[in-house]
Amino acid sequence: MDLRSSRLHPYETGDDILLYDDVVSHFDESQTYLSDESFVPVNDHFVPPEYIDGEFQERRTILADGAEQFGVTAVAFDNQEELLWMGNQGGHVTSYYSAELQKHTSFQVHATEDIRCLHTFENGVLALMPSALRCQMRRGIPIFTHSSENMVQMQCLLQLSPQTLLLGGHTHKLIEFDLNTYQEVNLLDASKNGCAILRQHNRFVCCGDPSGNIELRDPGSLRVEHSWDTHTGSLSDFDIHGNLLVTCGFSNRQGGLTVDRFLMVYDLRMMRAVSPIPLLLDPLLLRFMPSFSSRIAVASSIGQLQLVDTVTLSEPDLTIYQVNSGNSLSLALDVSTSCQALALGDSGGSIHLFTSQNNAIFNAFSRPTEFADPIEPFDPISITDSLAILSSIPLVYTTPPTTMLSDWPKKFLKNVCRPTPPIDPEILRTMKMQGTIGYAPNPNTKLRNQVPYIMNNRSTAQEQRKNEENSTTFAVIPKRYRKLDLKYSKSGLDDLDMDQYNKTPFSGLEATLPNSYCNAMIQVLYFLEPLRHVVLSHLCHSEFCLCCELAFLFRMLDVSRGQPCHAGNFLRALRNAHEASALGLILPDQNNPNLRKKTNLISLIQNWNRFILHQIHFELLEETKRREKENLKAPPFVYRDTDFPSIDLPRQKRKTRPESSEETPVSSNIESKDEETEISRMFGTKQIHVHRCLKCQREVSKESSLLVCNLIYPENEVVRPVSFCEVLSQSLCPQQTTPAWCDQCERFQPTEQSRRIKSLPALLTVNCGMDNNQEKSFWQTQMDILVKNAAESSASPGGKPCRYGTACSRPGCRFKHPDQRTGGGGGGNSSSPSHLYYSHSWLPQHIQVDLRANGQVNITKLDRPDDTVPSDKETYLQTEVYDLCAVVCYVHEERRNLVGIMNVGPGYHQRTSGTTVSQWYIFNDFSISPVASQEAVWFSLDWKIPCVLYWMNHQGSSHVLPTPTLDLPVDILAAETCLATSGRGITYTPLSLDETPGPGDLVAMDAEFVTLNQEESELRSDGKMATIKPSHKSVARISCIRGQGAQKGVPFIDDYISTQEQVVDYLTKFSGIKPGDLDANYSSKHLTTLKSTYLKLRYLVDIGVTFVGHGLRNDFRVINLVVPPEQVKDTVHLFHLPHQRMVSLRFLAWHFLDKKIQSETHDSIEDARAALLLYEKYQELEAKNIVRQTLEEMYKQGIATQWKVPED
């Protein structure tokens, strides 16, 4: 009979309803196990004659662990114990004991991958995932986990011997795995479609691939002996027993896959197919019944089960069992070795157990199963019983090697001896030594039997040692160099008193954002007057132009008046620069302390320095070419050389040295002026690269421009004095011999490579290296030699003697002592006092560079810039005097830091304070402190290491350049093209020509934000939360509405900002932004770039409009816009009394305007309109002179309603 067309009616029993076919079966999902009371066997529901007479009965149906989310993908009967193992799609494995399916063990194997196959062996159970193999004890304790690059989409495993496994999957390789060493020992070639099923026979190892091909391999060599194409479409399952191999699968019919309603049978003796076995169901899974060599259990995907015989001597038994699976699909099937139990797992997370008898067993001879020790119950003790004997509950004492779970690991423990008490100084003074033993009279300074109070002295000693360590740390590294450790509020730095960190008129940079390690270099670039002038004059249309973002940031630093600036937009453009990512300048997780410790900040900041100069150069060059192309007016049919850069490319001129010539003139290519920018003219050192083959004397030269010079230190380990000028001269004109290809010799030959300087730059940039111990040791050696010579000079007979003589105990005494040695060492030597390291520096503040006619340079140290060395104009082509203007240092401490020490020129002081002076400052994020000029060249290499040096031409350092003005056109407020492919168009009315805003015009504004990085907080000892680092937010929507005119309240800007960064939290409840709104591929909003909207706001600020809004200070901070206070009317401050809480916009709108806003979500246009109406209300109250009275009434009502808006 065919049950697929039949419909069985439901039978009710208590609260359970069991239905078949397409009717859903209901389970109590709160219980993962259906006990005898809640489970009713199938034959108690109804009594169909073809089912009750069947051999097998459905005894148990349980919901496996995680059934509410994951389906069962693998079931396996244990071959050694009475256990049934289950694995699901969530990577969880559970075992059940006996036919009652009592849960035995349960553990998680993988967090994300599903269980493909389960196999039990003597020592445990093996679980195969797509990319890993896990072995666990039956108690759940893991033994090993193996994964490798060869394990991709693994599907099946087979145990060939007690110590060998064979793994297969959807790859072209079979993996042979050793269970003793836990390693892969061999890789075998599989079929082109991989291996999805493995079965073992006493003569063959059978491998089946998804396309229907089955290979028979030799068990010893694993070579393919025979192969069969069983099904034309796909192979779903096969099994082997005795001399028969039986398969089920699909066939290709009429362009699609169709289930084969028969089983293909192959005889392993004749190696050919025999008569197939027809079925009444669509087969998906099959297993041989081990006790019956000719019997097979076949299951379909909809839960039908049929037992068939391969050898039928009489009319076959057509009994079909229907599994109680509802609408779930059958995914796994297994038969116990005793043939008394069958188990099926379905996609609904249920396990169905069929047994042939009530007391069914899984194995004929199972070993005992180990269970957890029962917990011994103890009589409860009342907490109020003061006479209770606590010792009635025994405490387990462990003996080695057994340990308690609460014991600390050995790696965190060490034996600490009691500190030796100090010896009385009187004993040391009177002690006489005889050999290694000292004798001294009793000084009688202690009473008889007098001992210190142990606990008190111990704690005091510990605190004293801790204080000494802290005091030493603070004494070594000055506070102005250390990483600032602040407790931020929700608004970041708004609630902090910045005067304690910065009392100068200059502005610092916040360090709460990722990749803010470059703050020191940004400040260096800002205080280079020529570079600042060039950057502020630049504006282009590129979205992530670093030069434009630097210009916007420099503008903020100009007008911030000492308040720290937020560099979020610049760092956003830096993260989107592909070149920066390729150079490793983007740190993936700056907040991770382990990652920060592994990062080499010295090389990182030097690479950043080189990158930013090259990037600004190329961005200026691209903008120059674009403008030239727009301004060039030529007929369209005329081709110009500039259209084809390869025509005008400089050519390398090669010349071979003649045998009769003593000196060969070097011909260099001249760099095209079209490739020059203001950056290359300021920073570029024109140089000629010369490559000369030492074999044939052939020379090749080319010209280039060097923006950053890397210091090259001598490799000779001989200790000798070497000046900084010598090292810099060798670094500018290096010469080395290395193998290189010679076109004339047509082979690699020893080649002399050298560089010759053609012209000197106005700004000389130097990377110090110092990222290895060898270079640090060289620098320290030169400092020691310099200080040693200074100490010898100070110890001359003409030196003033110390008044204390040999009894002097002052460290670093500057006067002469009778027993003073004339040797020199480090800073700790008495002959080299520490003050000499500060006053005598190896790095000069002023240098003179003379360029010779042969391209070499002569560098001389100057004490003052006016002390120039006379040079012969015929010998030297160019002479420049450079002043050190900036130094970037690495501070080696626990948190590691980068600081900048800069000589701020008179132009910056004139713009901020009206004075024309020059002063050195140290910039440590938002902490700025004035320092002496000597501190810029003083280095203590154990914690202060130089990284980047900037030298400026002495003539240019005194020039004051005017600040360029950025004149934005009024049409910048016009609607631009939407970036979203399915955008709905603009939702606002752009300003017309007669609506052009002017100074003092009102513009209501509001912005919405999304979170890129969550806030970092810690719990204090008093129970309060302290913010370590505020959240990193990015602007998502900006709206501006008209504040006057006929269209008052109508928006003229409503831009959604496109972002390519990962958003952690869209803050939909507070921002109204939903996932997909900021993605150009899926957004239906008017999507624009941040730069275009920023320029609109920048235009409104420059023309002097007055912004009205609620909480605009934080909005402008995240947008990176500085607005003068007189141009901001913030309702959060207007409706606020001193020493009282800030009031939300929603409460203000309800109290003063009788409007309920932000009921479900926030809308920036609605919030901007509410802020505009509130400002008008405030003007009305101010005209009546009742502002304070009205605010006091508002606070009273707010306290009464707990600052909540009553619902309708």
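Keep in mind that glycine also has a Cβ here, set from the backbone N, Cα and C atoms.
Remember, TrEMBL labels are computer predictions, not curated facts.
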Out of Asp1055, Asp1065, Asp1163, Asp1167, TrEMBL lists as part of the divalent metal cation site with Asp1006, Glu1008, Asp1115 the residue Asp1167
Within the chain of Asp1115 (divalent metal cation binding site), which residues six or more apart in sequence place their C-beta under 8 angstroms from its C-beta? Met1005, Asp1006, Ala1007, Gly1109
Within 8 Å of the centroid of the Cβ atoms of Asp1006, Glu1008, Asp1115, Asp1167, which other residues of that chain place their own Cβ, given that this set defines the recorded divalent metal cation site? Met1005, Ala1007, Arg1037, Ile1038, Ser1039, Gly1109, His1110, Gly1111, His1162, Ser1164, Ala1168
Across all chains shown, how many C-beta atoms besides its own are within 10 angstroms of the C-beta of Glu1008 (divalent metal cation binding site)? 26
Averaged pLDDT, computed only over the residues in the domain 'USP' (507-954): 82
Where Glu1008 (divalent metal cation binding site) falls in three-state DSSP terms: strand
Chain-internal residues, separated by at least six, CB under 8 A from Asp1167 (divalent metal cation binding site): Asp1006, Gly1109, His1110, Leu1145, Ile1157, Gln1158
